[in-house]
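**Student:** According to TrEMBL, the feature signal peptide maps to 1-20. The domain 'Peptidase M12B' annotation in TrEMBL covers 174-403. The annotation Zn(2+) binding site is assigned in TrEMBL to H328, H332, H338. Per TrEMBL, the feature active site maps to E329.
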Amino acid sequence: KMSHALRIFLFISWTVIIDASRFKRRSLVYPRVIEARNDGDQLTLFINEDITLSLEPADIFSERFSLHYDKEGSLVTRHMNGTELNKMVYHDTDQGAAVSLERDSGLRVHGIIGNSLRIRPLSVMGQSSADLTAHEIFEVEEHSLNTRSDYLEVPPPQPFQLTKERSIQVPSLVRPELMVLVDIERKKSLGKPLSASLYTGVLFTAANLRYLKMTHPKLKARLCSVRIMSQTLRSRLYSNIKIKNTRYLDSNATIYALKKEVEKVLYTSYDAVFLLTREEMAVIRPVGGAWTTTVSGLAFLACVCSEFKVGILEDNGFSHEGVHTAAHELAHLLGCPHDGEEPPPRLPDSPGSESCSENDTFLMSPVFTGTKNKNAYHLSGCCINMIRYVVRHDNYECLSLETLRVEVKSNRLPASLTTLNETCERKLQVHNLAGGFHKDEDGMLERCLLHCVTAPDETGEFWTLNSTAEEGTICNKTKPQKLCIAEQCVVPEK
């Protein structure tokens, strides 16, 4: 068995040889919770001698969170208890941290610390003698981005009507309700639907930190649904183009395909729908018609609450590199042009952003100059005024309303209708093996895996089969009772 010291040596060697070109600095840490207050709502998380986080729940998930994924060619929808999910994603607003915490088999921390540090668990390292899980902290130097071509304009609704201020009271906190389509192709760490949901939750928690200085109203996006993209959906939405022998996502064609997709009933309740992709993006410049590959996002300007309520975000599914893009493109949907630009065509009477210089390099500057620039993590006064204008007008009433209402048609999940032994017997019969039954090994059931075996034959030989547990399988022996939902052992929604 590999010793812990040898694992450390191999980790350091692997870091130097493989990843020196990608990240500026990496280190090995063993995070632990050193204090919990208010029934676990507030946590003090020790990372190392230099970093200790004061964490609070980020409140990023809606109370009833919808998770959609493909299983055997059919779309499966699960409504999950968002209150429980919110106990897994935290933030430290003072230090700009957004992390997910999973504690079912040792503490695992994944997310963002400050402007440039990232943390993730290292399964290859195992646990230390103190039963702490090894993690790596790595520093990411975000590339400078040119976002001048990262939004599309559409004409105002027809017949044209000037928006007017509403007489109803705008809430003190506006919570845009988001759905995100997540492409997990070629990214094993996001292979399970719940893992992808937590990753997306951390991404938008960090994006929300860019809006902290906005007041009257405050604004905080809420993640209400995640859909894991199937190969069929990828084929329906994606268009590709080759530029200098390199394959890129044709973002212009893809965003219009996404716009068509969200006309379906599945998407109507949400204020905005984003596509999170690992594909490298290319867009057509509005002026001149040439292709550019320097952008990492695309959205329709001032189109939240409308049929054009969509955007595309590029992210590697590993280091949350799309945080700046997520915050930037959300602001475009909420009505903000780039700093220094005139009002959007859909809002001709709005204040616009001409009085703010792009050289001040706030979040909505068309050029992101890197993590050293503190303005890049805040909205300019112009963008704040644009969002205030939008939330007070009739065409954007959805922002002031909690419109999302999801009805659960049935609480009966497949596993509630059968036993573990019956499930194993059926799965083994597919392989012409009779007499199958369930035998839990190494806590596999708590990972929503069934270990199915056959009785020994006359020679003493037997067969085994590991299979994913069915939806609704009871996966723990303690209270509160947990069920397998989307291949994760979680507390179900009541």
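For all residues, glycine too, the Cβ spot is worked out from N, Cα and C.
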**Student:** Tell me, how many other CB atoms lie within 10 A of the CB of H328 (Zn(2+) binding site), whichever protein chain they belong to?
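**Tutor:** H328 (Zn(2+) binding site): 29 neighbouring Cβ atoms within 10 Å.
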**Student:** Going along the chain, which residues six or more apart from the residue listed as 'active site' have their CB under 8 A from its CB?
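**Tutor:** Non-local contacts for the residue listed as 'active site': D150, Y151, F274, G297, L298, A299, G311, I312, L313.
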**Student:** So how many other Cβ atoms are close to H332 (Zn(2+) binding site), meaning within 10 Å of its Cβ?
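**Tutor:** The answer is 26 other Cβ atoms.
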**Student:** Restricting to the same chain and to sequence separations of six or more, state which residues have a Cβ under 8 Å from that of H338 (Zn(2+) binding site).
**Tutor:** T147, R148, S353, E358, M364, S365, P366
**Student:** Taking 8 Å from the centroid of the Cβ atoms of H328, H332, H338 as the cut-off, which other residues in that chain fall inside it around the Zn(2+) site?
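**Tutor:** Along the chain, the qualifying residues are T147, D150, Y151, A299, E329, A331, C336, P337, L363, M364, P366.
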